[in-house]
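To start, the structure under review is shown below, and the notes come after it.
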Amino acid sequence: MKAVVLALTLAFVAGQNFAPEFAAGKTYVYKYEALILGGLPEEGLARAGLKISTKLLLSAADQNTYMLKLVEPELSEYSGIWPKDPAVPATKLTAALAPQLAIPIKFEYTNGVVGKVFAPEEVSTLVLNIYRGILNILQLNIKKTHKVYDLQEVGTQGVCKTLYSISEDARIENILLTKTRDLSNCQERLNKDIGLAYTEKCDKCQEETKNLRGTTTLSYVLKPVADAVMILKAYVNELIQFSPFSEANGAAQMRTKQSLEFLEIEKEPIPSVKAEYRHRGSLKYEFSDELLQTPLQLIKISDAPAQVAEVLKHLATYNIEDVHENAPLKFLELVQLLRIARYEDLEMYWNQYKKMSPHRHWFLDTIPATGTFAGLRFIKEKFMAEEITIAEAAQAFITAVHMVTADPEVIKLFESLVDSDKVVENPLLREVVFLGYGTMVNKYCNKTVDCPVELIKPIQQRLSDAIAKNEEENIILYIKVLGNAGHPSSFKSLTKIMPIHGTAAVSLPMTIHVEAIMALRNIAKKESRMVQELALQLYMDKALHPELRMLSCIVLFETSPSMGLVTTVANSVKTEENLQVASFTYSHMKSLSRSPATIHPDVAAACSAAMKILGTKLDRLSLRYSKAVHVDLYNSSLAVGAAATAFYINDAATFMPKSFVAKTKGFIAGSTAEVLEIGANIEGLQELILKNPALSESTDRITKMKRVIKALSEWRSLPTSKPLASVYVKFFGQEIGFANIDKPMIDKAVKFGKELPIQEYGREALKALLLSGINFHYAKPVLAAEMRRILPTVAGIPMELSLYSAAVAAASVEIKPNTSPRLSADFDVKTLLETDVELKAEIRPMVAMDTYAVMGLNTDIFQAALVARAKLHSVVPAKIAARLNIKEGDFKLEALPVDVPENITSMNVTTFAVARNIEEPLVERITPLLPTKVLVPIPIRRHTSKLDPTRNSMLDSSELLPMEEEDVEPIPEYKFRRFAKKYCAKHIGVGLKACFKFASQNGASIQDIVLYKLAGSHNFSFSVTPIEGEVVERLEMEVKVGAKAAEKLVKRINLSEDEETEEGGPVLVKLNKILSSRRNSSSSSSSSSSSSSESRSSRSSSSSSSSSRSSRKIDLAARTNSSSSSSSRRSRSSSSSSSSSSSSSSSSSSSSRRSSSSSSSSSSSSSRSSRRVNSTRSSSSSSRTSSASSLASFFSDSSSSSSSSDRRSKEVMEKFQRLHKKMVASGSSASSVEAIYKEKKYLGEEEAVVAVILRAVKADKRMVGYQLGFYLDKPNARVQIIVANISSDSNWRICADAVVLSKHKVTTKISWGEQCRKYSTNVTGETGIVSSSPAARLRVSWERLPSTLKRYGKMVNKYVPVKILSDLIHTKRENSTRNISVIAVATSEKTIDIITKTPMSSVYNVTMHLPMCIPIDEIKGLSPFDEVIDKIHFMVSKAAAAECSFVEDTLYTFNNRSYKNKMPSSCYQVAAQDCTDELKFMVLLRKDSSEQHHINVKISEIDIDMFPKDDNVTVKVNEMEIPPPACLTATQQLPLKIKTKRRGLAVYAPSHGLQEVYFDRKTWRIKVADWMKGKTCGLCGKADGEIRQEYHTPNGRVAKNSISFAHSWILPAESCRDASECRLKLESVQLEKQLTIHGEDSTCFSVEPVPRCLPGCLPVKTTPVTVGFSCLASDPQTSVYDRSVDLRQTTQAHLACSCNTKCS
């Protein structure tokens, strides 16, 4: 029956107004409660929040206008263990808000929809938002004909998708309505972001896991009444969860529960208030003072000036000697106080503190951190009034740019600054302000849907004016500003200066084009499609400079191109002729193809497909070609990632790159940000350093060279590059600074430096240091991070997610001088040299940093939040005393005891819930997130809401849940994990112990995930403390230089005995020897004992015949006296020193047999491939006559080698020892080394030149440490270093002895252990020549080495298996020789053969190809320059020079391409020249009638002719012949040198880019400096590494064959009377037959010049050449050389002509 009644009721209501209504003349009384709590989901943990309880009076005030009043409101704070602890009434806060809460508000309400809200001005925005939270419950959009539907509905939090569900309760005849609002699906979501202007949303990251989710459920019980429905009950349950990581790793929650229960209807209306009601918005939340309020502390401002004064005093007083642990929080308090200050207040504070140095410093550092317009205006006004320095202004502006919230008012202020003369006059400030202007526009546009074009128009206009005036520096600056702003309207302005074909912008300098392309990247973030099209157009333009195309590629891939676009680029790369562009694009796509799917999913997939198209061919290009590297990592579980990208751009395959860019990107919590980017252009750095300082601009030089090149057909010079180095820095995608360095700037800086009285400043600083000392304190506060997101809850209370990080760094330096004798005030340097100076310094660097992560409620009157706080404090004090006596050569440094805190560095991380309110500023209710005591699981009856004291049937519905249930449940018990570890390391010598301690109590026992592991408390600390019983009084280092150095040595070495002098006399010495010999005898059975050397000596003696035969092989050093192998057993040192020679010449017979058989069987030839390793048991024979194969025989210890190997070894030995002929005079042989050691094992005190003592002085005056003695024996060219332990009970020491046997050989013996006897090794290094190639050998032999070396070697070999290392590990086998030899032979300037012989007699041969040239001639002492500076200059230039050569009628270009050059008779060809307008050099080549080559070199005003004459090569300089031997020395006026070299002559002019021109009767060779690569042209090519575009003709066209290319570089004759006897001219030839093109008869002319005889001459020598022809029906106006090619045909080119007398 009830169901029927309800059905009839619903049917009746469907025809009526189905919306809540409140009848006029009645007052509806409701009870309202709201509880907002934040914390982790589990019960038994701490939460913080706010509770609101009140009665509501609701009545109609007018038609569709209602009045709402709160009665007996009560606010309660919650900070405790939920649900055990109760909320605490905030009586004072309630009383403070009571006057506002007592004022009723009015609102429009029509058909269940809340409209405008009205309230008096006395009602604050905060209280009005609480009303909005109540009105949100009344918002009902009920449709008459639908039971389930959704719509975008207005609510407190914005306009979000809301799902309605309507049902009926047949038992009580009520309507049940539920609506669910998805806060992640909103048309308009109300929130405010602060400090997040530079972050971007990572869409793909958010697809995998949502970091911020929210949903609101509202459940209603509606009762049908006469004309509408009445709300009986309403429950609201909202959940907002935030996960800093992935959702699987835990999330913190903010829960809001509201309840509204109908109580009664009163007939008395709500009493009216005498106040003016104003329109105060709508149902939507309104942001207010919470934007300025930090969530870390509440400050009740009663007397702002006094509070500011107190905080400033605290910061200035307590951060001098040490940084106070609360300094960061106090700094944040000062920020908060100044953030709410008006400009007038700041002016008042400034006048009060500007003359108080520490207060002024703290004040100026805090103002920019406030991020307010008033603060920015204050900085501007003080700078304009010159009350702050330029340094203070620059620092303040840089900080303010990134802290100030951007709005039109702030942008206008920056606009006024850019016009200020004071800013324009200072380059640094001008740059900061202009770039800041662009940043402000960018920040404002990021948060505004429609960003006004007017904001950026001033810069666009400036750019247009600068282009019109050709002001390059200003153009670059304005482009950077537009790039920072990233406004889409700037796209048109930037397009106008792009190097698009056919536009006027093509003529602009390339630096402008570079900046314009890079400025597109920020625009691409908003208009990717538009930028994408332009970038692709630039990239596909093959005529564009390669660097610009590569930059376009960077921009293109930052726009997230589609699969089709990436495929288009890949197909373009397949046919790309420029290898720089191909290499860069390929490497870029390859790097992106490996990117994780989360970071670049679409681009990575597209690039993976592109890699399949391209293959791996381009992988073989070397590092001289441009590359892009992208590396990224993303952890989905933590939702954290990082990416790093590096672009290496080159355009001429030079040794140094033209430019590079490196940038990093971070991913965290679903957002991404470009953290840091650094770029540099060093294109002109080499040229700036190595180029001749000033080229002569004389008319004669320029005219001569231009006259020559004018003869070339359609000559077009390359643009002259301006020597320039530039660097820029970007932070969060915004350029914050850049610098362009060129020659004028350097000259200006040098001039400025000369004008400054630097010497005077230095003298005054030295006087201040030595007379009065230094006492310096400095502190710097930094607000490193302030990132906030504020969003309203359904109850109208704002919640906040924020991250704060503040730090205060300080340093205290105090230096006290003491001089003896005391210096006068006007002392000079001479006096100082005779003064004993002592300085005592105490240094205390300190830092304190606080970091807060907050989630909770934040208003200007109350706060309740969950907080994670990390406090870092670090102090590293040091006290040092230094003493210097230059006259005596004494230096002493002491580290003195200093007060060290318990922990040098400590960090405490705690998580807690906190609640506070403004009326009780000294009361903070803090509850640790994890309870400190384990909870007892006893049943607790929870607090039951009084809204429904009796359970009724309505509560049985699953759709409606009361705010707090009555179920009795035990509170869960958690056993929280406690973890503590301590790691210590101590050093007895210095008496200190260092400990790292870690203690943690976390919630991993609740859930073993990241968030719960971080919850709780954690402590990290690092301490350094004295060791008990080993306290050190001080650490000392003493240095003594000079003849009296030995006086400082603590331990003396006996000059006649092997032992140290010890107390006890000779008896103890003899006893020591006896015990030592017994120890040796007892260990004779061990292979590693010292007696093994004796057994090897005996084996060596028994096989003397084998050794004598083997010793005939090359030994790089003079022969060793064989008697050394049988030296007395008493002299262990002598035995050890000779072991290397004896072991290298002796081996077992089995080893010899194996070596012989292996040698005879290994006859395979070795190739010259780079780094190919041949490993054999003996020498590998090679099919080619190479130094590698010859040197392989050096290592054969066998006497049964083949005769050919013996002959080769003997031949190589003779060649190698050519440079050792002069060694005999110095007496440097192996036997002399033994004689030197035998004569005097230890050098005496008179040879000591340096003594160094390192010691620690203990509290009981004991000294421990080491001494180092440096001895020099000049007559024998011997150096000895002895390091000894100065403890009386220790005989440990290191002995190193080096003897220079000749200028080509040095040997070193190193031994260590007890009395330098336990371990020893010999190292011999020598140089020589093998097959005319410089060579060097390093031989290392040892007697015994520590076992730890072998252990570590095994560990390394386990992870990095290397055969050589494996051989070294197994040296204890019977056939091992305990030595290793390495020989390096420079077979050419770019290749080295390295041959290594291991102790297992294995030989490894590696041929290495080097990226640069080895200065072989300089090694041989054949440098063309005598001065050291000139030599260095020459060698640096030569290292990466490009070479072009002519050998046996084949020309090898700079790019190593070869072709046959069919040279014309008597006509010059341009072999190589500087193709820029500077014309630094030119090399011409011709062949005379007798088929002899002539070379002409033009450098500066000098003409050099080299040609064969008789059997020699002759040189003329400016038509004056220089008699042999030709030699011309470089001078400042003559920047070149001519020198005889081998069988010819060589010209050197590296400062002009011409490294070397060598010429003899059969060959010639041209080398250009590395910085000239890409700027040359001629027969030798451009030296740019572009082998696919090798044949560039003078007009820039690429010829299809080498013949046409070579002919284009002929210098034609002007007439038959030309002195050079050249009778050729270059002309376009007509094709003999006519062709029909497009239906018309056309005449065809060659578009490439062809050499033909002059009129009146007949060809006597021709050659066929294929050239391109252009065919047209009529004669066009354009030059034939500019036409396109229609077909290619073969024609005849003339090479030699015969002329008659009529030839003119």
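Each Cβ is built from the backbone N, Cα and C atoms, and glycine gets one as well.
According to Swiss-Prot, the feature signal peptide maps to 1-14, an assignment based on sequence analysis.
Averaged over the domain 'Vitellogenin' (22-660), the predicted model reaches a pLDDT of 91. Positions annotated as domain 'Vitellogenin' by Swiss-Prot: 22-660.
The N-linked glycosylation site feature in Swiss-Prot is assigned to N446 (among others); the stated evidence is sequence analysis. In sequence order, A197 constitute the residues six or more apart from N446 (N-linked glycosylation site) in its chain with CB-CB distances below 8 Å.
Residues or ranges marked as N-linked glycosylation site in Swiss-Prot (evidence: sequence analysis): N903 (among others). Taking a C-beta cut-off of under 8 Å and a sequence gap of six or more, N903 (N-linked glycosylation site) has these contacts in its own chain: H873, S1021, F1022, S1023.
Look at N908 (N-linked glycosylation site): DSSP puts it in a strand. With a cut-off of 8 Å between CB atoms and residues at least 6 apart in sequence, the same chain places A870, K871, S1017, H1018, N1019, F1020 near N908 (N-linked glycosylation site), listed in sequence order. The N-linked glycosylation site feature in Swiss-Prot is assigned to N908 (among others); the stated evidence is sequence analysis.
Summarising the annotation, Swiss-Prot assigns N-linked glycosylation site to N1019 (among others) and lists sequence analysis as the type of evidence. The Cβ of N1019 (N-linked glycosylation site) has 16 neighbouring Cβ atoms from other residues within 10 Å, across all protein chains displayed.
Annotated N-linked glycosylation site per Swiss-Prot: N1054 (among others), in sequence order.
Look at Swiss-Prot and you will find 1078-1109 (among others) tagged as compositional bias 'Low complexity'.
The region 'Disordered' annotation in Swiss-Prot covers 1078-1213.
Annotation source Swiss-Prot lists N-linked glycosylation site at N1080 (among others).
Look at Swiss-Prot and you will find N1121 (among others) tagged as N-linked glycosylation site.
Per Swiss-Prot, the feature compositional bias 'Low complexity' maps to 1122-1204 (among others).
Cβ neighbour count for N1285 (N-linked glycosylation site): 18 (other Cβ atoms within 10 Å of its Cβ, all protein chains included). Residues or ranges marked as N-linked glycosylation site in Swiss-Prot: N1285 (among others).
N1322 (N-linked glycosylation site) falls within a strand when secondary structure is assigned with DSSP. Other Cβ atoms within 10 Å of the Cβ of N1322 (N-linked glycosylation site) number 23 in total over all chains. Among the features that Swiss-Prot reports, N-linked glycosylation site is placed at N1322 (among others), with the record citing sequence analysis.
Sequence annotations record features per position, and here Swiss-Prot assigns N-linked glycosylation site to N1375 (among others) based on sequence analysis.
Sequence annotations record features per position, and here Swiss-Prot assigns N-linked glycosylation site to N1379 (among others). Every protein chain considered, the tally of other Cβ atoms within 10 Å of the Cβ of N1379 (N-linked glycosylation site) stands at 21. Under the DSSP three-state reduction, N1379 (N-linked glycosylation site) is assigned to strand.
Put simply, N1379 is the one of the glycosylation sites N1285, N1379, N1456 whose Cα lies nearest to the Cα of N1322 (N-linked glycosylation site).
Least crowded of the disulfide-bonded residues (C1467, C1616), judged by neighbouring Cβ atoms within 10 Å of its own Cβ: C1616.
Non-local neighbourhood of C1444 (disulfide bond): L1451, Y1452, T1453, F1454, A1471, A1472, R1565, I1566, K1567, L1579, C1580, G1581, A1583, each in the same chain, at least six residues away, with C-beta under 8 Å from its C-beta. With respect to their backbone Cα atoms, N1456 (N-linked glycosylation site) and C1467 (disulfide bond) stand 25 Å from each other. A Cα-Cα distance of 74 Å separates C1616 (disulfide bond) from N1379 (N-linked glycosylation site).
The distance from the Cα of N1379 (N-linked glycosylation site) to the Cα of N1285 (N-linked glycosylation site) comes to 29 Å. Under the DSSP three-state reduction, C1444 (disulfide bond) is assigned to strand. If you draw a 10 Å sphere around the CB of N1456 (N-linked glycosylation site), it holds 14 other CB atoms from the protein chains shown. Annotated pair C1467 (disulfide bond) and N1285 (N-linked glycosylation site), C-alpha to C-alpha distance, rounded: 79 Å.
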